[in-house]
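Novice: The structure is given below, and queries will be raised subsequently.
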Amino acid sequence: MVEKMGAKGQKRLGEQEQKKMKKKPDRSKGGDRGRGSSCRGEEGGRKKRLDAMTVGYFRRVSERLSEGFADDEERALFVENVLLEVKGKAGLVSTDMTGSLALQKLLSLASPNQVAGVMLELGGEKGAEFKSVSCDRCGGHVIESGIKQMVKWTDAPSEEENESGNKQEEPEGESCGTLEDQVLCLSRVVRENIVDLMKDAHASHVLRTLIHVLAGCSTQEQPDARPVKKQKRAEPELTDFEAPTSFWWELKYLSESMMENVNVCATNPTASAVLQTLLTVCHRKRPILGKKLNKGIMEYLTSRSSVPEVSPLLVFLKDQSCSRLIQTVFQSSHKALLRDTYKNHLKNQLMPLALHPFANYTIQSLIAASVKYKVFLKVFDELASGFEAILAAGHMGVIVQLVESCVDREEKQPDMLQLLLEAFHCSEPSTRHLSCLPLFLSLLAYEVYYDTEAAEGDAVPQRPLSFCYHGSLLVQALARFKDRSILMNSLHSLSTAELLSLGTDQMGSHAFQALITLSSDKGKGKILRKLEGLYTQLACSKYGSRLLEAVWSGATISQRQSIAEQL
């Protein structure tokens, strides 16, 4: 079989590629180990799978795609030939791990008409097979890759028509319809099976991608290589494209289907993630629809039966899954919804929520979302009463979010700084103000960080200068306050060795950079004079060199000359 596939699929490739593709199939790991007899089909109750020879063929296809092509014509020819081999067995190929990877790459290089043909075969005439393929751990990725190609639908149709007109050997190409039709068909199947697909671990990702496509958003394709650690939590970048008008209506119908089952979305973690995607996308592309969805979700959550005189919303806020949904609602809420939610459900309840292991994240979203409105002042005052308790609970995200929000609310900056000084026990006497920067960076109280038995004003550090992630974020936010004299005085009081430690630390260097770049010209010059003699050591450090680069870009000509002479 594979020899026939090779002869047909590579008939117009060069000799070198033909030799590569005609090699014997690889039966080693990654092939059909653990699959059982792949040729038995449905006999004996076993699921029909690709045979080992076909798996080897698609492994070599994937390798060839990774190598790249000399020109577009060669690539198009290769894609066309391999898709001919996929025809008639797209379902089997998509649900095989090796075949799925190869097919995903092929679809990203194929024309919309070619993708539509594959999607038609995967779903069947009425799309009945879309559900089973979407629920498959490999097939779901193929469906996602296929509908993502809608971003190409605005390409000039004349080229595609000419291209399809030249394909004499594919007379039924016209009957496959357009990719738009296949996406709409998939969406209809999703609406008919909305609960099952939202709760399925694999199909839910198909549904989330479908929401993006219907709204006219496209996520960037993930690279083949595993991302480095610092990229794991990065949000996928969205690019907008002009979606067909039919997609706008279909997104509305899909959102209505999900809202009819909002009870599932509120309690099931997988379904909740799907609804969160819908809210985020609608906030970006369909704000009126997003506003309606937010209102509907909050009406449901606040209408459930609960303990008398206790808002049911408080129960949902303490649930791990639902708290994330409410967090997304807050992030995209309008003024009236935030005001009414606080007034009717959250007033005098923020402190217990800020101390809760799950609800505190939702409170962070509430703080960030309300910063432009009057309700922020009430939120701030309520949380300020238990500021030190929040610190003691270790929920620094709430503290940092409050400080960052105060950057935009100057009237609250003095109060916030005073709260921090009191919480770290360096408010009184005033001589302790010089100690605030090391305390903020390490998130340690004065008594813990310093030897309190030493004479006042001559405190000796109990430990070397230390830094932590939230401490660095805290200082970076404080550096953007209008009055940062206390912070700068504390910075100037540090020794040369401590400045070097601060500048060469992974987290400390970010805080140091913010303090330098945001300071006045006079303050910047004072810091740079103290750094003289340290430039070489900073330049030799991974993090110090980045700090030095930022200092250089904002330095005057004379300051640059001084830095250059030392380097």
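Glycine is no exception: its Cβ is also placed from the backbone N, Cα and C atoms.
Predicted automatically and left uncurated, TrEMBL annotations should be read as such.
In case it's useful when we look at the structure, here is the feature table from TrEMBL:
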| type | residues | note |
| --- | --- | --- |
| COMPBIAS | 1-19 | compositional bias 'Basic and acidic residues' |
| COMPBIAS | 27-45 | compositional bias 'Basic and acidic residues' |
| REGION | 1-47 | region 'Disordered' |
| REGION | 154-176 | region 'Disordered' |
| REPEAT | 493-529 | repeat 'Pumilio' |
Novice: Same chain only, please: residues at least 6 beyond the ends of the repeat 'Pumilio' (493-529) with a C-beta under 8 Å from a C-beta of the stretch. Say none if there are none.
Specialist: 434, 437-438, 441, 464-465, 467-469, 471-472, 475-476, 479-480, 484, 487, 537-538, 541, 543-544, 546-547, 550-551, 554-556, 559, 562-563
Novice: Give the residue counts of the repeat 'Pumilio' (493-529) per reduced DSSP state, in the order helix, strand, coil.
Specialist: 27 helix, 0 strand, 10 coil
Novice: As a test of reading the model: what is the averaged pLDDT for the repeat 'Pumilio' (493-529)?
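Specialist: Here the predicted model's pLDDT, averaged over the repeat 'Pumilio' (493-529), is 90.
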